[in-house]
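Here's the structure we're looking at; comments come further down.
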């Protein structure tokens with residue numbers, strides 16, 4: 001699974017996931033399923049914000065150019081992927097600036113158009129079950145919840161899906177691709193089932209050989225989705241972004 005993750009996700013996403021796990025004392029080489037889940041969640045968060053801007057009239061627009069107009073403001077502030085101290089600093093700054101209620105838990109995004117924090121969920125289970133778990137944990141009507149599954153299902157607070165259908169379809173397609181590629185390598189069952197995951201972990205610890213058929217290089221389709229994770233007050237510099245790829249994992 002670790003080799004699969006490193007080959008199928010952008011290096012910046014992998015690096016952020018490793019830092020997040022190490023911050024909580026977790027080892028990506030051992031807890032490989034969690035490693036894959038964190039990378040997937042990060043990518044969905046970046047894809048959620050990709051191409052979405054607010055123009056000078058305050059209207060939400062989609063710009064797919066690699067060189068966005070400097071007058072445009074990013075619609076979403078990405079909070080997920082930052083270390084906890086910086087993440088809370090950004091949240092506090094948003095709350096002080098907008099007057100929105102401070103959440104009890106760190107959200108994933110802030111929507112400047114909708115004036116709300118957003119919690120993104122990616123589940124291997126039924127979307128409604130995961131949605132209820134999120135809602136029970138957050139216990140706040142102020143934070144918007146949007147859940148995606150690997151089967152193309154989604155669920156959002158008050159059926160408000162925030163994004164246009166095409167943008168959501170990109171996310172669903174990517175998740176379905178990840179599932180198919182995991183399945184083709186015999187990794188999906190262990191990713192879904194804790195019991196199977198434990199069995200797979202024992203097997204992986206016995207053999208550290210690289211997954212057969214996985215190449216050492218990957219090709220990149222550039223996208224403006226992965227922006228440098230700077231504080232919100234440095235927004236003017238964010239257009240000088242890291243180019244990232246949402247890769248379709250290479251076939252065997």
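A Cβ is built for glycine as well, from the same backbone N, Cα and C atoms used for every other residue.
Quick look at what Swiss-Prot annotates:
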type: ACT_SITE; residues: 80; note: active site
type: ACT_SITE; residues: 108; note: active site
type: SITE; residues: 195; note: site 'Important for efficient shutoff activity and nuclear localization'
type: SITE; residues: 198; note: site 'Important for efficient shutoff activity and nuclear localization'
type: SITE; residues: 199; note: site 'Important for efficient shutoff activity and nuclear localization'
type: SITE; residues: 202; note: site 'Important for efficient shutoff activity'
type: SITE; residues: 203; note: site 'Important for efficient shutoff activity'
type: SITE; residues: 206; note: site 'Important for efficient shutoff activity'
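Around the Cβ of residue 108 (active site), 24 further Cβ atoms fall within 10 Å across all displayed protein chains.
Reduced to three states, the DSSP call for residue 80 (active site) is coil. Across the fold, the C-alpha of residue 80 (active site) and the C-alpha of residue 108 (active site) stand 5 Å from each other. Packing around residue 80 (active site) is summarised by its Cβ count: 22 other Cβ atoms lie within 10 angstroms of its Cβ, all protein chains included.
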